[in-house]
């Protein structure tokens, strides 16, 4: 009986281990999902929902965050509730202006495609979103916020630029800078971790981008390796501004529960008001991952990972310099009022000894040679994109002209909900 019981336990352990590995692989593939999708997936797992820790942290049995959980159903938006950002230029753009060549990314509401403008012969990354999917999850506010932030980003070298936007009856189109050096996530997967000088360079460019957003009273809220791109020379480009919060002044706070699980700051998990320092926590988490290969409090068990973020002391292995250790301890301070950046925001980060070798004027002017060159041969070089995306066929509907779309009641509702989305740069802009 003892031998049989032991054998049964061994079999169970092996099976469970295989399951955990499969879950981890799937989880890593789905890190690109927003927190909404991630939590909905957890909530649909009966086994996970039984854990008191999961119920406590996510409050699954008593949803109180309609913006996160979509717990309170509401009727379709009436005309008075429709989003209207005011007058904007009409670019007269349409899908048939482009050759859509390859899928280079995917998200909750659509795809990102490499496209060539037929008249200009210029390559762009075109983010195409399904209006009905956005409306179904009540995410119009975040999409419009992303558009607003993109309009402010055009003057900063480490933030992706919006060239113009337009819409059809059923889709939204963001025409963005095409960046083909790969996601930081992709390079971390291949190399596991970076040497400290390389991590310092990336952290400095990321901090510069975050500092610029903060100067515009914008909190980014979703810094992670998947949202950090490398351009063709190896410089950082921050992208995906859907979770940005606008109008947060120096001492201002917000309380929406959002972000990506591995990078959530303690105050966000506690559902307390939080401020700009949430971005400095995320910078610390990304820097830690660049140096060590995993986020600082990572666990395969989500509830355990959240408990680690809230309660576990930061553990730093000895293979980094004292200045890197000091910076990580300052950024990953659980008390946001004591966190590095709490007093003087970006200026505190900029003046830290870890960055003493960085000439910030040269950095912002891209006069510092990046430590890694993606060595892309041109716009059609897709070696740094996941084949999972690039091998997917381009949907024919993406390039379809508006006249060919059947305008149903739901399509009309979707079209009206995004009045003011279209944008064209002024004639005297850099474009």
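Every residue gets a Cβ built from N, Cα and C, even glycine.
Taken from Swiss-Prot, the feature active site, proton acceptor covers 222. DSSP classifies residue 222 (active site, proton acceptor) as coil under the three-state reduction.
The compositional bias 'Polar residues' feature in Swiss-Prot is assigned to 81-91.
Summarising the annotation, Swiss-Prot assigns region 'Necessary for localization to the mitochondria' to 1-60 and lists similarity to another entry as the type of evidence.
What Swiss-Prot records for 65-92 is region 'Disordered'.
For 131-141, the entry in Swiss-Prot reads motif 'Nuclear localization signal'. Within the motif 'Nuclear localization signal' (131-141), the DSSP-based counts of helix, strand and coil residues read 8 helix, 0 strand, 3 coil.
Counting every protein chain shown, the number of other Cβ atoms lying within 10 Å of the Cβ of residue 222 (active site, proton acceptor) is 22. Over the motif 'Nuclear localization signal' (131-141) the predicted model carries a mean pLDDT of 85.
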